[in-house]
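Feature annotation from Swiss-Prot assigns substrate binding site to Arg21, His137, Thr358. Annotation source Swiss-Prot lists pyridoxal 5'-phosphate binding site at Gly112, Tyr113, Ser183, His211, Thr239. What Swiss-Prot records for Lys242 is N6-(pyridoxal phosphate)lysine, and it gives sequence analysis as the kind of evidence.
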Amino acid sequence: MSLLDTLQRGLADLDAQGLRRVRRTADTACDAHMTVDGREIVGFASNDYLGLAAHPALIAAFAEGAQRYGSGSGGSHLLGGHSRAHATLEDELAAFSGGFSDAPRALYFSTGYMANLAAMTALTGKAATIFSDALNHASLIDGMRLSRANVQVYPHADTAALAALLDASDAETKLIVSDTVFSMDGDLAPLAELVALAERHGAWLVVDDAHGFGVLGPQGRGALAAAALRSPNLVYVGTLGKAAGVAGAFVIAHETVIEWMIQRARSYIFTTAAPPAVAHAVSASLKVIAGDEGDARRAHLAALIERTRALLRNTRWQPVDSHTAVQPLVIGSNDATLAAMRSLDAHGLWVPAIRPPTVPVGTSRLRVSLSAAHSFDDLARLEAALIEASEAQAVQKAAA
């Protein structure tokens, strides 16, 4: 059988299981109201939690950065591509979210995937053991596989199970790794307990705050700041394409850790640096996030979250107990979840269907992603459409 035959058979299998992914094409800027595939929709799919992706100040900064630095960086960070915009942003990020360390330093990456690969591979090796939450992001898992470290997976958020694994380990280097906000359930990691376990066992704790940075904590400084946690053995990863509304990611840790990553993190060294204009726009985003406007947007988002938690309970499906902008609604089968997504789409609402392998088999769900750009009228439309779709499925199930 040829490679093409194998791939075509694989695609047919995905179709039969309701697992093929389909891209949709946005014709306008990312916002609560946008044009997608030529249709006006209300989007509940993006991670633009503060509604900054189309903010005039960020757009102006992007244009200013392109005018000053050009359209591309021209090289890797170690071979001519590291600009003043990158350096300034790293200093700003360390000052903004590095309060957990006495000597914080930040390192800017082009994507969150690359930042997580760097943290997993540069800080470990064959003599290390990584202790990973079962629901960690795929980029962390891929980084662990590349690291050559021994990986032990503990049940989701189960600190007792983690403690038992740590007690039994004699590894030279121990790394506890966890998302802060879990992207498909919206729940929060037990960060205080994880920090305590790391300190008790001489381990390091790496946290991926992709869905917390900009939203959680005072001024949006992130999940560690929200929990008022400090420790010398922390490595903090954040992304800049979600709440920050631009692109890229960063790692903050003790300055020695960051210097080592500059020397050894392959996903930092062997790639062209992001355009300086992107970093310049992120600097503008940090000003909005940290200011009064950022506080107002977070307050509005918090109100939207509470309203959404209530309205999801009015459906026939199973909401997940989330207090974050990620609000999942578990339906179960792939076919039923896709049918629900199509029903919402007919009402001009874009709510993506999340299926295996992203979530466990039998837990396919709608993932409602909230933004400060949404209004309560948007939520009223969502509630009506969800109730209609869930009632229709209940009737069909009863008649079957």
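Even glycines carry a Cβ here, placed using N, Cα and C.
In the three-state DSSP scheme, Ser183 (pyridoxal 5'-phosphate binding site) is classed as coil. Ranking the binding-site residues His137, His211 by how many other Cβ atoms lie within 10 angstroms of each Cβ puts His137 at the bottom. Here the Cα atom of Tyr113 (pyridoxal 5'-phosphate binding site) is found 20 Å from that of Arg21 (substrate binding site). Between the alpha carbons (Cα) of Thr358 (substrate binding site) and Ser183 (pyridoxal 5'-phosphate binding site) lies a span of roughly 10 Å. Residue pair Arg21 (substrate binding site) / Gly112 (pyridoxal 5'-phosphate binding site) shows a Cα separation of 21 Å. All chains included, 15 other C-beta atoms sit within 10 angstroms of the C-beta of Thr358 (substrate binding site). In this structure, the recorded positions under consideration are Arg21, Lys242, and the one with the smallest number of other Cβ atoms within 10 Å of its Cβ is Arg21. In this structure, the CA atom of Ser183 (pyridoxal 5'-phosphate binding site) is 8 Å away from the CA atom of His137 (substrate binding site). Same-chain neighbours of the pyridoxal 5'-phosphate site beyond Gly112, Tyr113, Ser183, His211, Thr239, judged by a C-beta within 8 angstroms of the site's C-beta center, are, in sequence order, Asn47, Asn116, His137, Ser139, Asp208, Ala210, Gly241, Lys242, Ala249.
With the fewest other Cβ atoms inside 10 Å of its Cβ, the least crowded of the binding-site residues Ser183, Thr239 in this structure is Ser183. Comparing Thr239 (pyridoxal 5'-phosphate binding site) with His137 (substrate binding site), their Cα atoms are 13 Å apart once rounded.
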